[in-house]
Amino acid sequence: MASPGSSPFSPEEIATEGLKPEEYDDIVQRLGRHPNRAELGMFGVMWSEHCCYKNSRPLLSQFPTEGKHVLVGPGENAGVVDLGNGLQLAFKVESHNHPSAVEPFQGAATGVGGILRDIFTMGARPIAVLNSLRFGDLDDARTRRLFSGVVAGIAHYGNCVGVPTVGGEVYFDPAYTGNPLVNAMAMGLMETAEIVKAGASGVGNPVLYVGSTTGRDGMGGASFASAELDATSEVEDRPAVQVGDPFLEKSLIEACLEAFQTGAVVAAQDMGAAGLTCSTAEMAEKGGVGIDLDLDLIPNRETGMVPYEYLLSESQERMLFVAEKGREQELIDIFHRWGLQAVVAGSVIAEPIVKIRFQGEVAAEIPATALSDNTPIYKREVLAEPPEYVQKAREWSCDRIPPGTAEGIEIQGKLNSWSDILLQLLQVPTIASKRWVYRQYDHQVQNNTVVLPGDADATIVRLRPVAHQETPDQGVDSKTAVAATIDCNSRYVYLDPYEGAKMTVAEAARNLSCVGAEPIAVTDNLNFGSPEKPIGYWQLAEACRGLSEACRHLQTPVTGGNVSLYNETFDADGQPQPIYPTPVIGMVGLVPDLTKTCVQGWQADGDLIYLLGIPLDVQSDLVTLGATEYLASIHHQVAGEPPHADLDLEAQVQATCRHGIQQGWLHSAHDCAEGGVAVALAESCISGQRGADIQVPTGSNRWDQVLFGEGGARIVISVSATHQAAWESYLQEHLPQYWQQIGTVTTPNSELTLTTNVHQTLIKVRIEEATQRWAQAIESKLA
């Protein structure tokens with residue numbers, strides 16, 4: 001243990017690096033001496049939650065990570081799954097929350113750049129980007145600035161680098177006012193015999209630094225991402241935000257993929273969080289070797305840089321390679337040809353340490369495992385009972401809001417018809433059209449995007465040989481495709497982390513099934529508040545338990561992901577305001593025949609409309625008003641128990657939907673999520689620009705629960721009358737009691753009507769008006 005007063009650093013200096021006093025003592029014990037300034041910084045970033053997962057690692061161990069498609073699981077730059085026919089898919093999701101809160105454009109842009117590097121570092125050519133975004137209330141000026149800046153940053157980087165942004169989700173809630181969430185997911189295609197991994201090997205092999213130069217931008221970004229934001233963050237933490245160059249990244253992609261084809265690359269690691277420190281430590285530790293690096297050889301863009309700055313810089317578009325000895329010049333020539341930096345900056349050594357040299361002296365010398373694997377782990381106690389806010393929320397019942405009649409519901413002395421309520425929900429930014437967002441993205445570059453953003457419940461990207469990805473007119477005869485979605489209902493998770501997390505996985509799988517894709521694997525991004533607070537850790541632990549159970553049940557193993565904790569800000573009174581717990585799930589699936597898939601909009605007049613899942617006339621605790629968008633937006637109450645996931649029913653419903661699509665019976669499929677059945681029907685009307693005539697069984701004393709209740713593993717689908725007999729025969733055999741024919745598709749630009757079987761009209765809205773309200777909701781707030 002360090003003796004009092006013996007440290008060359010003050011408690012404030014140690015705390016600035018994100019280290020606790022006991023962690024500093026641990027460092028001294030491991031080194032047998034006090035660290036120097038550079039070493040202190042290295043430990044600070046590598047022992048941050050962002051890099052070492054010291055609070056979350058014990059919880060992540062329960063995730064299923066193996067499956068028939070999984071080739072690479074957690075621990076590498078990205079997960080990899082086998083798609084068949086010699087093709088593999090690398091995919092991963094990662095957060096850039098704190099940087100985007102401080103500098104939204106660059107924060108979001110470099111988030112895209114970073115996740116793309118994780119993909120092509122594995123040897124995969126990036127084929128698509130998705131994102132999950134969360135902001136505060138759009139009536140707030142700062143929220144509008146953050147929202148506009150983040151979307152512009154994503155568009156700038158993705159469009160310039162030539163990778164399509166094909167889908168995602170955007171949520172708005174006051175819980176994210178101080179701390180927005182920016183999660184970026186990327187996918188890449190490969191057909192290599194050997195996946196490029198990060199573990200260094202071969203004593204004497206040269207270590208190459210390639211890509212851009214090193215500057216002082218992004219200093220200590222990993223530590224910054226592992227602490228709460230406060231009122232000074234937008235000014236004081238701005239230097240921790242990186243600055244990206246998508247054009248340079250495009251060259252880096254091509255150079256790296258060309259270099260990998262030579263067979264001269266032994267290992268590769270991108271320089272993301274913690275920069276040179278992380279890349280050297282992780283490569284050494286994973287390979288069981290050491291790395292000797294000379295900072296004097298590192299190309300820099302600023303003068304007078306010291307080891308601390310070199311090692312903690314998070315300048316973008318940089319990579320570290322281990323090359324076969326004697327073939328380094330072959331690789332250097334490739335990078336120079338692409339206009340990039342490439343130098344031999346060190347070598348692999350037998351002693352498992354990270355040795356850093358500067359101006360002829362050893363600037364740092366640390367065991368690799370102390371930085372990368374044998375890091376502090378905190379096994380915290382989980383609350384034995386749900387916290388008070390959850391117990392109070394569970395006391396809520398439908399009696400807290402007026403019962404309503406077939407005509408509508410009285411709110412604050414005024415009768416609101418169910419038609420009025422539906423139109424109001426369509427204007428809620430979380431539900432409303434996201435066209436303002438995705439019209440800024442180039443979603444068709446590479447010519448493989450099968451379904452455009454907003455047209456279906458998941459995106460679909462055609463699979464072509466890697467050699468043809470950059471040539472739009474070649475390899476187009478392939479019928480196989482990959483589908484992807486990214487999802488989370490954070491209000492569910494806030495009110496019940498366990499059930500909410502299960503529902504998140506179920507919804508992601510349901511979205512894939514709605515386009516005919518078989519879900520095969522998951523990447524997760526766990527966005528939570530401080531784990532050092534009992535409630536925050538309970539939320540994290542319960543959510544991980546729910547994710548694990550759902551992934552096992554639906555056979556979607558976790559291949560990797562990201563943990564982003566300390567997503568909290570302080571209000572004017574100095575009280576911490578954590579975000580809603582937000583475990584975002586990115587899920588990928590296989591589409592066997594892209595000519596047999598589904599969009600969410602009605603396709604033909606006279607098609608029959610079915611509801612899969614819990615029927616409308618069945619009272620079930622799987623369908624609830626608790627935690628719904630209706631309760632929050634119309635009654636301004638965040639309360640109640642969210643719907644519980646019946647994973648057996650989910651699997652049955654999803655398999656039935658996929659089979660119907662593959663048989664060519666289904667014309668459309670759309671899952672019932674925020675806003676329940678009524679909103680799902682309206683969205684299908686808007687997307688297809690056709691009306692629908694729906695019959696709703698009578699007998700309910702809660703029409704709002706029938707119309708706007710959520711849950712129940714529900715999917716709204718449409719089928720041609722010519723396939724009715726075959727479809728219903730299949731339903732009777734494989735999904736008895738969990739399907740219902742509820743109506744028909746009507747003529748273009750007509751009306752959505754929901755009528756009881758005693759001829760009471762519950763909802764009657766013109767498609768033109770519904771479309772206008774839905775389409776203009778976000779744009780009108782930004783005008």
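Backbone N, Cα and C define each Cβ position, glycine as well.
The region 'Disordered' annotation in Swiss-Prot covers 1-22.
For H50 (active site), other Cβ atoms within 10 Å of its Cβ number 27. The feature active site is assigned by Swiss-Prot to H50, with sequence analysis given as support.
Reduced to three states, the DSSP call for K92 (ATP binding site) is strand. Annotated ATP binding site per Swiss-Prot: Y53, K92, D524, G561, in sequence order, evidence recorded as sequence analysis.
For the recorded site, N562 (Mg(2+) 1 binding site), the DSSP three-state label reads strand. All chains included, 23 other C-beta atoms sit within 10 angstroms of the C-beta of N562 (Mg(2+) 1 binding site). Under the heading Mg(2+) 1 binding site, Swiss-Prot lists E94, N562.
According to DSSP, R117 (substrate binding site) sits within a helical segment. The C-beta environment of R117 (substrate binding site), restricted to residues of the same chain at least 6 apart in sequence and closer than 8 Å, consists of N77, E249, L252, D270, G272, E317, M319. Under the heading substrate binding site, Swiss-Prot lists S95, H96, N97, H98, R117, Q242, E314, S315, Q316, S564.
According to Swiss-Prot, the active site, proton acceptor annotation covers H96.
Of all the recorded positions listed (K92, H96), H96 sits in the most crowded Cβ setting, with the most other Cβ atoms within 10 Å. Within 8 Å of the centroid of the Cβ atoms of Y53, K92, D524, G561, where the record puts ATP, the same chain has further Cβ atoms from L60, P74, V93, E94, T523, N525, L526, V558, G560, N562, V563. Checking each of the binding-site residues Q316, D524, G561, N562 against H50 (active site) by C-alpha distance, the shortest gap belongs to N562. Put simply, the two farthest-apart Cα atoms among Y53, K92, D524, G561, the recorded binders of ATP, are 17 Å from each other.
The CA atom of E94 (Mg(2+) 1 binding site) is located 6 Å away from the CA atom of G561 (ATP binding site). When the Cα positions of S95, H96, N97, H98, R117, Q242, E314, S315, Q316, S564 are compared pair by pair, the longest gap among these substrate-binding residues is 20 Å.
The two recorded residues, Q316 (substrate binding site) and Y53 (ATP binding site), have Cα atoms 23 Å apart.
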